[in-house]
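Annotation source Swiss-Prot lists compositional bias 'Low complexity' at 326-356, 369-380, 390-404, 412-433, 630-642, 811-866, 883-896. For 434-462, the entry in Swiss-Prot reads compositional bias 'Acidic residues'. Feature annotation from Swiss-Prot assigns compositional bias 'Basic residues' to 576-611. Taken from Swiss-Prot, the feature compositional bias 'Polar residues' applies to 760-791. Among the features that Swiss-Prot reports, zinc finger is placed at 901-961. Annotation comment: Swiss-Prot describes Cys907, Cys910, Cys931, Cys934 as Zn(2+) 1 binding site.
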Amino acid sequence: MDTFKRWLNKPKADDKSLLARFFHADRSLTAVASELDSFDGRAEPDRCTRLVSRLRQNQDKVLAITNLIMEELLGEDRDPRAFRAKFPEEVLQENLAGQLWFGAECLAAGSSIMNRETESKEMRPLAQAVTKSLGNVRVLLRDQCLKNNVPNSKTLHLDLNDSTTEQLYESLKIFDRLFAEFELSYVSAMVQVKSRHEYEMQQWIGVLFSETLQRALKIGLLDQEMVDAFDPGLMFSIPRLAIVAGLVVYAKGPLNMDMPGDQLSEMFRPFRTILIKIRDLLRNLNNQELYQLEKLLCTNEDINTKVPLGSSSIEAPSPEHSAHPTTSSSQNNNNSSNNNHSSSSTTTTTMGTTNTHRTVERLVDQRNNNHNSNSNSSTNPTVEGATLRSPSMLSLSATSTPTASPAPSPTPSHSIDSTSSAATSSTNPPADWSDGDDEDEDDDDIEVDEEDLESSDDDTDEEQLLKDIVAADCASGYLIPNTNLGNLLQPQEVPLTDNFVASEDDEYGTAEQQGHQGLEEEEPSTSAAMLAATRTLQRLRLPSSDTEPLAEPTTIKATEEQMQQPNGRHQESHSHSHRHHQRHHHHHHHRHSHQHRQPHPHRTTRSGRKRCSLEVADPETIQPEREQNLASGDTSAASSLSDDVSLAMRNTTARLKFKSTENLLHRLFVCIAGVADQLQTNFASDLRQILRSVFLMNMSSAQEEIDIPEKTKESELFEFRASENDVIQESAGSNQSIYSAEEVNPELDNVFSAGGGNQATGQRHSAGASMQRNNTIDLASQSGEGSPSGATMSTSRSHVTRSRSLGDQEAASSATSSTAQLRQQEQQQQLQIQLQRQRNNSVGSNTPSSASSTSSSSEQNSPVSARSGSRRRLQSNNETQMPSSATSTSATLSPPAWIPDGKAPRCMACQTPFTAFRRRHHCRNCGGVFCGVCSNASAPLPKYGLTKAVRVCRDCYVREVRSGMGVQGVQRVQSVQASAS
């Protein structure tokens, strides 16, 4: 009996209820599965392939209907699937459920995923549980189809008191949970799924992109219209700009290259090495160079070499400082065999800055391995007893010692603004390094002559040590060329440096800094290394020696006058070598014979880094202080500053490899664009998702609907001014500007009488709102036949309205009917005859009409008088004659005002949105806004005084222009042309 009821309740084929649809889909799936089991697939591969395709389609269909049933029965009790947010877009397809079911059956049968044997073994128990649970759900749903199906019902009608219904409910919950777990495991094994950290890093990348876009909008690199229009070019510009901003502007953000590689976002992890190199080069750019690079990344235009770069830009070294890489090894061998000294004693001129320039130039030669070319450019080589103000000199080579190993990048507050230090060595005025009381003893402090240097040539180890000394060894103080630097003269509590891009307002630097640096650079041929040293050390922050109680804080006491004051004595710089024995793990302090009279001590650290002090101390306290410093350990501040200088050395050395700033910017553009463009290929899904979020966050509010008025109001006319070129070219340098041109508007003619005298007072009337400017001409009309001087005159005022240019009117006007046009033309002809009579009768009289004719004659030079040119020529020619007939004058109407561009974001014909490439075009006949395709027609408009062909839309061309160009239109145009000739 129960079987008979089931047969009677079997769903029909046309039943659209959920249970009926599941019943038929399940039967079809069972039939395909039975057919697959009935033959050997290896014997008939084609048939097997077709059946497998049908099987997967039926599985998709069954699971889709099952999902709908679970949505209705379980509702909020369904297992969450928030993990799908981490899946790539190409994985989230409609047939994902069918693929998962097919994969679960394969794994349950003993198969393994290719190259995923370990994951397959781990997922096999879960796959077996999924297939078993799904089989149980299918059986229970088939039973419900035969018992509780309501034909064509949109909802399920199950018996809640039945045990099978409760069993179905629990089975669906179990299957939903197992299937969700299997989905996450299977997809994670097949494709790379982001972890929680990686997903958060991708969100931070999105924040970086958004901040980059807002910064680009603020400094004018991009336009808001491009964001609102979803300009495709932004898909390339934003990632490029984000790389620059992430490496320099937001150095502690998601593109912080100092963090471990596994903590970087997977999008930029493959490019970590090249990004570090890009970051080092970007830190050598000043603000203007950085702006040029960002503009180049946005527009792909050529670098504008005519625009002067910032004052901190480094030029290529002079040819005398350049070295050929192929000869470096041979030069090193020659230097070691000939025992040539790496740095020689140089007697400089009286100016300390000249000493500095040549010293650093010699260091550049040393970096380029030009040891054979010693700097002998001193002006007085035989001067004896010169004072040595800075006996310590640092090598330029950043790769010769272990101290130049890659160091963590400084924080943004200690970052390097424009260029990094190449070398530090100088001879400065006495106020820098000694007290005023000891100035008389400076000549006897240290005596250096050529014999001292010749004696040192015998020591090969000392020569090697001179090559190995780097600028990073100087930790507590610097010997800085051109110490007349504003930042170094500030107190220690004042920061010496800002962020790389502290603010967009300080984009190009101040003119005072550039002028100050120009005064400092007295020698024209200043080397690039000297500029690098000066500007980098100007940015570096000297660490406070709080951890050293016996060492007073480092200070520099000097004034600007002392910095720029000539020494008066010739100075010599002598290299002071330090010996570093790594094998015995101790340090030997190589001292000069006269070193006890040096005004600054040397301190040796445990790590082998030498530290130079800028302290001004008495000679009696130098020796105990040196001993105390030798006993004290190294501090973290010294190590940090040593890393800063080491990083500065590497950065400047890398920049000096480029021939020019343009070459550096071009190389950076190629590298940055290459990385950003590879993101489009390797991480297309993630990049699209990030850019979509960025666009939605930064787009402006929804624009208002287009409000096109049905009838033009004269108060809504816009004022448009002609360009300067139009005034210059067409006015031919006339003193009468284009704004003096006037045109009569018959639609606004309101004639009214005013009490007269011998002369009517002229008044000017301006009708309209703030966006319109109307010019009026006061006209005097005689009453009767009396003379203009004796008879009473009635002054009539006609409003004269003229648009400021032929192509810039913005409001919409509906075309008037043919009868209204004829009536207006007749009125205008009558008014024209009356005006001409008045002007002929008032020739030579002192009336407003003469002023009117004067203004009209001056208007002939206006470039926009083409509409009423024939009428104005008739007025000037017929100054003493009456026109023969009224038909010889052409009646012109006021052209329609144009719709503003802001109120027309789409074409009014095809509704296509306007973009940066799809421009707006206005129809001269109706004033509407159209694209170039919908307004490609052109025709003359005699009714507006436009005898030449102008742009009109297609509708106006078909409906009005062609229909209106009948016999009257042709005769009107011919008459206008004849009168003009």
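In case you wondered, yes, glycine gets a Cβ from its N, Cα and C as well.
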Helix, strand or coil for Cys934 (Zn(2+) 1 binding site)? Use DSSP. coil
Which of the listed binding-site residues (Cys907, Cys910, Cys931, Cys934) has the least company, meaning the fewest other Cβ atoms within 10 Å of its Cβ? Cys910
Take the mean position of the Cβ atoms of Cys907, Cys910, Cys931, Cys934, the recorded Zn(2+) 1 site. Which other residues of that chain put their Cβ within 8 Å of it? Arg906, Met908, Ala909, Gln911, Thr912, Phe930, Gly932, Val933, Ser935
Which of the three DSSP-derived classes (helix, strand, coil) applies to Cys910 (Zn(2+) 1 binding site)? coil
